Structures are given as C-alpha cells and as structure tokens.
Amino acid sequence: MATIRRSLHTPETKADSQQITNNNNDGKQQGKEATKNAEPKEKSDPMIYIIFVSLLFDLLAFTIILPLLPSLLEYYRVNDSSGLYNVLTERVRWFQQLLGAPERYISVLFGGFLGSMFSFLQFLASPIVGGLSDYYGRKPVLLVCASGIALSYLLWACSSNFALFVLARFVGGISKGNISLCMSVITDVSSVKTRGRGMALVGVAFSLGFIVGPMIGAMFAIFSNKSASGGAWFVLPSLLALGLALGDLLVLSCCLRETLPKEKRVKEISSALSYGLQLLNVSSIFRFAAIKNVPKKDTDALRSIGLIYFLYLFLYSGLEFTVTFLMYHKFGYTSMDQAKMFLTTGVIMTLIQGSVVRRLPDAKIKSYAIFSLYLIVPAFVLVGLAEGSGMLYAGMILFAISTAFAVTCLTTLVSKYGNDDQKGSVLGIFRSLGALARALGPVVGSIAFWCVGSKITYIAGGIMLLYPALALQRARI
C-alpha cells in the first residue's frame, strides 16, 4: 500500500515564499507561520485504531489454526466418530489406486478442499456483505460477521468429529466478510491524507497476526498434549481463538461508532446488492466490466494486471497452502517447528514492509513487482528440492522477501487506473480476483501434492510462476 503524496502549494503559500525572499528575519518568521497555518497536520479518526484492534484480535484467532491443520486432519483420520472422513476416503480410494498416490497424503487432499472451501465462501460473502453494509450501515453487519466467526470457533472447540469441524470452517468462511468491511470503515472516516495511515495499520495488524498467532497455537497445542490424558488436544487452542473472537465482538459493540450515516446510505437494498453481485460474475471481474468511461489503454492495463495477479495468486496460494503439509509429512515438523517457520517468515515480511515497501517511489513500483514475481520462482524450487531444514529455510526466506513486495506493489499499480470515483470499484474487483484465486489454488495444489508428490509439485509450480513475471515485464502499464 502506497500513500499518495500531493504537493499542497496554494497561491497564498507561494506569496509567503516570495515574501521570505524579499524580507529579512521578520518575513521568514511570517512565512513559517503561514506555512504551518496553511498545512495543519490532519489527525486520524479514532475509529481507525478501533479497527486496528478489531483486526488484530480477528487475525490472531484466525492464524492459531495454521500450524495445527496437518495434525488436526491426522487426528480426525483416526478419531472421526461421524464417519465422514472414512466416507470421503472411500470415495477417493479408487482414484488413489489409479494414480498410486500414498494414502498418508489423503489428509493433504482434504486440507486443500477445506482451504479452498473457506476462501470460496469468503469470495461469495465479501461483496454481498459489503452491499448489505451500504444499506444497513457498517456496525450492525460487522457485528453479525464477528458473531459468526465466534460461533465457528465454538464449533471447532466442540468438534469431536470431522463433520463438526467441516461445519465450523463453513461458518467461519461465510462470516469472513469482516475484512472488506474494515476497509470500508477506514474509507468512511479518512481523507486522502489520512487513508494511508489507516491502511498501514491494517498491514501491521496482518503482520502481527501472522507472526504471533501460529506461535500461540503451537504453544497451546504442546501444553494440551502434556496436560490432556488422551483427550482432544485442540480444545485449548480453539477456546483461545473463541476468546479472541469474543474480545473482537466486545470491542466492536462498545467502541465502534457507525461510520456510514443514514443520509449517505443507499435507499434500496436492491441497489446496494447490485454491485456486489457483479463481483460474483467471473467473466465480469476479469474484464473489469464495472469500470466504464475510461480510456481503452487504461482498461487494457487493468485487465493485464488483473490476469497477472490472478495467475500469480492461484499458483502461489496452492503452493503456500501445502507448505504446512510438506513440513509435517516430509520433515516431521511439530506444530512448534512450523510456528517457528511462520515466525521467521513473518518477521522478515514485517521488517521489509515497514522499512522498504512503504517508502518505494511510484516510479519503481513496477520494477519491484517484477523482481518479487521472479524471486518467488527460486523460492518454491528450493522448497521442492529441500532435503534438510537448511534448504527449506532458504527457500522460505526467499518466499518471505517476495511476498513482502508482490501483492502490495501489484495493488499499488492497479490503484493508479480508473477515475477518482472508481478507485473503490477497481480495488473491489481486484480483491475479488484475489479471493477467487485463493479459492481455487489450495485444492489444485493439494491434488498435485497428493498425485505426484511435493518435489514435482513445487518445482513445476515454481517454473509456471515465471509466466506472471514475464507478462508483467512485457506489459505496457
């Protein structure tokens, strides 16, 4: 996310500047005072910080499960009283025998379907939730989403069988429109000058969530293993996630004010939902059909960046999702080992985003985007070839460096197109493309992992990631 910097020289401040040239110290002092008066520092609305706290609670709860997912699926493979896991296993066994895929990787396949289901539900829910908030207001819809997320963690805590766990993920996915609503709140309460600060805080919340959450989940899992006598070891991590979700709900209930006044809301719910439904039309979002009255070259640029972003995130998310299964099955990593990996990559991304990415000049955004897309290629090839932790960490460090630049730079590139009143629509379509890519990527990546193994999957995926890099390098944007 890049902050747009504008020069604020008005005719009055230019006159003061001329007076500074012609007069002595008195004139200089007057010029300084005039400049200060002309450019007062605009304060951020307190609601931005409420959204930061809300997102931090939400993302800490969301990331607790990440290093636990492979172990969870292994647990349900052995202890599923509902029989759903065994039924699904029997349904795919003929395909497994046909391909000669190892049975121990079936959990990878199920994990991919669960990951894709979660993202696909988010793809469906986000535009609809956004439309409802334009009619009913931000706060009530946010409270409904937060309540659904809390319910999903309660179901997880009670999920003694695989069917309940799947239901928990379903409820969580369909309630995940809160992220886009938080962006809407920031847009409601910020000006052009303060919006960058709000978006920067969102980035900080994501970074902190993906650094701290997995570590917390792993530590609670270890504590549960030591203290529980044969019980469900995931209960404590799930209850912690539930506690964080309830904290989020409390913060939103008590501290968040409504940021979309009634006079600014749409008058009919059909109008509110019409734009959201456009974002569910796959052909429409690839063509950026909602963006009208712009030059053809701008439309072509939007479509090029959108396709590049989708292809990149489709391949990236599939390989990213299966990394935890790779660490579990190939390297025997425990939940804590995986959490340490998440910590390493998270700290690297946070440092780069805080020190380099946010200071990138506009002229270099495309160059750094191309660099990040090329860098992800050797990252995944190294992970695929890794036979020990050293090469695995090397690949994941390159992965972290690339990730720190890629999405932010591509988002900045696409935000330059469209008229001033179309920026929100452009970014909404862009986010929908990303959600669709994340809905398809995990299941495709998991099927490849299951069918041909990790080495071929990661090397082939890394090589295919050359295409988005080459396409961006050749694109005239």
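Quick reminder: no glycine exception, Cβ is built from N, Cα and C everywhere.
Per TrEMBL, the features are as follows:
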{"type": "COMPBIAS", "residues": "16-28", "note": "compositional bias 'Polar residues'"}
{"type": "COMPBIAS", "residues": "29-40", "note": "compositional bias 'Basic and acidic residues'"}
{"type": "DOMAIN", "residues": "47-477", "note": "domain 'Major facilitator superfamily (MFS) profile'"}
{"type": "TRANSMEM", "residues": "47-69", "note": "transmembrane segment"}
{"type": "TRANSMEM", "residues": "105-128", "note": "transmembrane segment"}
{"type": "TRANSMEM", "residues": "198-222", "note": "transmembrane segment"}
{"type": "TRANSMEM", "residues": "234-256", "note": "transmembrane segment"}
{"type": "TRANSMEM", "residues": "306-327", "note": "transmembrane segment"}
{"type": "TRANSMEM", "residues": "339-356", "note": "transmembrane segment"}
{"type": "TRANSMEM", "residues": "368-386", "note": "transmembrane segment"}
{"type": "TRANSMEM", "residues": "392-414", "note": "transmembrane segment"}
{"type": "TRANSMEM", "residues": "456-472", "note": "transmembrane segment"}
Counting only residues 6+ away from its ends, which parts of the chain sit with a Cβ under 8 Å from the transmembrane segment (368-386)? 312, 316, 319, 323, 326, 357, 360, 392, 394-396, 398-399, 401-406, 409-410, 413, 454-459, 461-463, 465-466, 468-469, 472-473
Where, among 47-69, 105-128, 339-356, 456-472, do we find the most CB pairs under 8 A to the transmembrane segment (198-222)? 47-69
The transmembrane segment (456-472) versus listed stretches 47-69, 105-128, 234-256, 306-327, 339-356: most Cβ pairs under 8 Å: 306-327
Counting only CB pairs under 8 A, let me know which of 47-69, 105-128, 234-256, 339-356 has the most with the transmembrane segment (306-327). 105-128
Under 8 Å between C-beta atoms and at least six residues away from its ends: which parts of the chain pack against the transmembrane segment (234-256)? 47, 50-51, 53-54, 57-58, 60-62, 64-65, 68, 72, 75, 139, 142-143, 146-147, 149-150, 153-154, 156-157, 159, 185, 216-217, 220-221, 223-224, 228
Given a Cβ distance threshold of under 8 angstroms, which distant residues of the chain, six or more beyond its ends, lie next to the transmembrane segment (47-69)? 111, 114, 142, 146, 149, 153, 156, 178-179, 182, 185-186, 189-190, 194, 197-198, 201-202, 204-206, 208-210, 212-214, 216-218, 220-221, 234, 237, 240-242, 244-245, 247-248, 251-252, 255-257, 259, 324, 335-336, 338-339, 342
Restricting to the domain 'Major facilitator superfamily (MFS) profile' (47-477), what is the model's mean pLDDT? 86
